[in-house]
Amino acid sequence: MSSLKTLSIFSFLFAALHFPSVHAATFDITNKCPYTVWAAAKPGGGRKLNNGEKWTISAAPGTTQARIWARTNCQFDGAGKGKCQTGDCNGLLECQGYGSPPNTLAEYAIGQFANQDFIDISNIDGFNVPMEFSSASAGCTRVIKCTADIVGQCPNELKVPGGCNGPCPVFKTDEYCCNSGTCGPTTFSKYFKERCPDAYSYPKDDPTSLFTCPTGTNYKVIFCP
């Protein structure tokens, strides 16, 4: 056997032992609401989901600042252009950017520090549809839910048709948006936190709202679980 071939085999074995393969994470997105939603994802695009329908997307290792959400009361033409009452993404069926508040968010970053994925549900941009974000793999048992009647009980200052806005999109002040990085809980953030303890209620809500699963986990997002 040539030394070159021996070296090649050694290099392959070294890589296999020290750099385990990393696969894209899949996300099964299911609508269990009794009404139609238009699922949205960045990255991923968008899809109309009637009750009981599922849409599967994937995200490559290293993907960060990613979101999945539901849009409601949408109308799109044959070219995929239109508008949604909540969660609208620049009038496009196939989202290319983030959605407009209010929208309940499933957020994630794949293949991060120490081979961990970071996942959360966020109400910082408000709430429009109940959500579950959980592992679909045996290696992680994490389940995050936000299913309270946030829209029905929404404070008057945050009420909008079809949803309950977060205070940052409404007031746009540092107190609520935390642009300086020093903000704390507010009366409005506590409203969301009391109803969905595992969801982000304001930008510095990490200790009780940010969770991990091992990289290689697949996930599911359920609207109206």
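Glycine is treated like the rest: Cβ placed from N, Cα and C.
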TrEMBL annotation: CYS84 disulfide-bonded to which of CYS74, CYS89?
CYS74
Hey, of the disulfide-bonded residues listed (CYS183, CYS196, CYS224), which one tops the CB count within 10 A?
CYS196
Could you check which of these disulfide-bonded residues, CYS74, CYS183, CYS224, sit within 10 Å of CYS177 (disulfide bond), going Cα to Cα?
CYS183
Spatial neighbours, same chain, of CYS95 (disulfide bond) - Cβ under 8 Å, 6+ residues apart:
ALA40, ALA41, LYS42, GLY44, GLY45, GLY46, CYS89
